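Participant: Before I ask anything, let me first share the structure, which is written out below as structure tokens.
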């Protein structure tokens with residue numbers, strides 16, 4: 001996102017109104033106001049277990065809120081839960097989440113942080129990056145027992161997902177009961193003034209607030225934001241559900257994705273992903289949905305790709321929407337070594353090489369379900385092959401409405 005000047009000495013009430021935009025829970029507004037009135041930069045924490053290294057616009061909702069704190073002169077702490085990822089956060093889950101190794105968590109964190117930098121300020125006074133293994137690995141058994149003694153099992157089991165699992169007879173492991181305490185202890189270690197999270201993290205963040213009091217600290221303010229609903233209009237945005245728009249998507253792909261946002265979600269997307277004033281949002285929502293989608297797409301793409309040619313992205317979207325094939329499709333080189341003895345290569349393998357599917361099995365399923373086109377025509381043979389001659393000339397394959405690849409034989 002484009003860097004702006006840090007706005008210091010903004011009136012307290014103005015800061016509160018800006019920071020409340022899009023917020024679901026604020027515990028409490030009075031505490032936040034009192035902390036800001038002290039005139040010192042707040043320490044604003046966001047904890048993330050790097051289980052998936054690729055971020056999407058759903059993650060951007062909270063990262064944008066962190067950026068707002070930064071732009072007001074506060075310091076945000078990006079806490080990588082490399083240690084807690086080895087436990088597995090059960091928040092909002094109907095079953096135990098498989099843990100990661102420390103090595104896996106730290107490898108994922110590198111990609112995670114690189115994408116966070118698309119939104120967050122990088123100045124040392126605005127950003128601090130920490131790993132909770134710094135202090136959690138140092139805790140001994142006595143420390144853990146002491147931490148566990150500060151909360152009752154009854155209070156932990158008040159959490160909605162645990163209640164549902166108990167009712168369903170689904171097992172809950174002891175390590176899962178410790179997770180909220182472990183996450184809460186992070187706030188103690190960091191002396192956090194504010195903690196951000198999705199609505200599914202409200203319970204855990206309130207545990208942190210309570211633990212800070214137990215450890216003689218001033219309790220953090222807890223601020224939660226909604227989980228962005230994905231392009232399917234029903235489930236939260238998720239890569240595994242393929243209803244997402246990635247933070248690193250090309251401008252044309254991001255534009256096309258935003259044009260597909262279901263009409264009932266436009267208000268939410270405008271509020272959470274843009275800085276447009278409320279009056280302008282209501283004006284757009286009262287008009288034609290296509291115009292509102294266009295404004296949303298241009299605003300969001302401009303934020304993540306300040307130098308992008310928005311007119312070109314829109315023109316490509318319109319061309320594809322009419323069934324056309326764009327001119328500037330990225331070329332994918334097909335190594336000659338992929339050809340068999342007859343000079344053929346399977347379409348499934350080409351789909352994987354183009355990055356349209358992760359595996360040959362997924363590619364064959366895509367083809368079988370008539371989700372792939374070759375040269376604008378539906379391609380439906382999951383065992384089909386292309387020839388050396390076809391690839392030498394170059395062919396265009398298409399998944400869905402807006403994912404294209406031009407395949408050309410290397411050399």
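A Cβ is built for glycine as well, from the same backbone N, Cα and C atoms used for every other residue.
Remember, it's a predicted structure, so these values are computed and weren't measured experimentally.
The annotation motif ''HIGH' region' is assigned in Swiss-Prot to 50-59. Annotated motif ''KMSKS' region' per Swiss-Prot: 236-240, in sequence order. Residues or ranges marked as ATP binding site in Swiss-Prot: 239. Summarising the annotation, Swiss-Prot assigns domain 'S4 RNA-binding' to 345-409.
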Participant: Residues of the same chain, at least six outside the motif ''HIGH' region' (50-59), with any C-beta under 8 angstroms of its C-beta?
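Facilitator: Non-local partners: 80-82, 85, 97, 100, 105-112, 115-116, 227-228, 230, 236-239, 244-248, 273, 300.
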Participant: Per DSSP, how many helix, strand and coil residues does the motif ''KMSKS' region' (236-240) have?
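Facilitator: Each residue of the motif ''KMSKS' region' (236-240) counted once, the result is 0 helix, 1 strand, 4 coil.
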Participant: What average pLDDT is reported by the model for the motif ''HIGH' region' (50-59)?
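Facilitator: Mean model confidence (pLDDT) across the motif ''HIGH' region' (50-59) is 84.
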Participant: Can you name the residues of this chain that are 6 or more positions from residue 239 (ATP binding site) yet have a C-beta less than 8 Å from its C-beta?
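Facilitator: Those within reach of residue 239 (ATP binding site), by Cβ under 8 Å and sequence separation of 6 or more, are 52, 54, 56, 246.
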Participant: DSSP helix, strand and coil counts for the domain 'S4 RNA-binding' (345-409)?
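Facilitator: Helix (H, G, I), strand (E, B), coil: 22 helix, 22 strand, 21 coil.
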